[in-house]
Amino acid sequence: MVNYPHKLSSQKRQPSLSQPKNFANRGMSFEKMINATNDYYLSQGLAVIHKKPTPIQIVRVDYPQRSRAKIVEAYFRQASTTDYSGVYNGYYIDFEAKETKQKRAIPMKNFHPHQIQHMEQVLAQQGICFVLLHFSSQQETYLLPAFDLIRFYHQDKGQKSMPLGYIREYGYEIKAGAFPQIPYLNVIKEHLLGGKTR
């Protein structure tokens, strides 16, 4: 058969012998799902939460063409704190998002001392601080309050992995939806604010 417009003959593809594909999120990364959720919250007037930019210092740029600049060398200016921050009903929100392919735990090496210190400072100012944890192999997402993350971090000095059992005991599972995709404000309202808002 000839395919228009390139007139290439089609060839039958051999089926792949690899593992079956998981189309649960249709290729959307966890970060993109959070960003889409935040866009939904903003469009509905529910919250203003944005991803924090990572400050970088550009060192070298190549210009292969006048209109196509390419950054070839850059460095982080400073250690970043958490991924997202904003406001929900007058409450300051600050959170980190982590995704793992592991089935039973999340490595604590994914959390850096400056992030833990930042979370402690947010909690000291009465902010709402937490981490969203996504286990991609099981398609499970949890909101773990920063207090419980910090407690575990200090127990093992950030060396081990946090077991899924601990996360299930102290965190709150978030079932993925359509709009919003990761409805974490529901957990904040029901569990962290006791069902009330200002």
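Heads up, the Cβ atoms here are built off N, Cα and C, so glycines get one too.
Among the features that Swiss-Prot reports, Mg(2+) binding site is placed at T81, D83, E96, Q115, with the record citing sequence analysis. Counting only same-chain residues at least 6 apart in sequence, those with a Cβ under 8 Å from the Cβ of Q115 (Mg(2+) binding site) are S80, T81, T82, E96.
The compositional bias 'Polar residues' annotation in Swiss-Prot covers 11-21.
For 1-21, the entry in Swiss-Prot reads region 'Disordered'.
Of all the Cβ atoms in the protein chains shown, 18 others lie within 10 Å of the Cβ of K98 (site 'Transition state stabilizer'). Sequence annotations record features per position, and here Swiss-Prot assigns site 'Transition state stabilizer' to K98 based on sequence analysis.
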Other C-beta atoms that fall within 10 angstroms of the C-beta of T81 (Mg(2+) binding site): 17
Check: same-chain CB within 8 A of Mg(2+) site center, minus T81, D83, E96, Q115: K52, S80, T82, Y84, D94, F95, H118, M119
Coarse DSSP state, helix versus strand versus coil, of E96 (Mg(2+) binding site): strand
D83 (Mg(2+) binding site): tally of other CB atoms within 10 A of its CB: 19
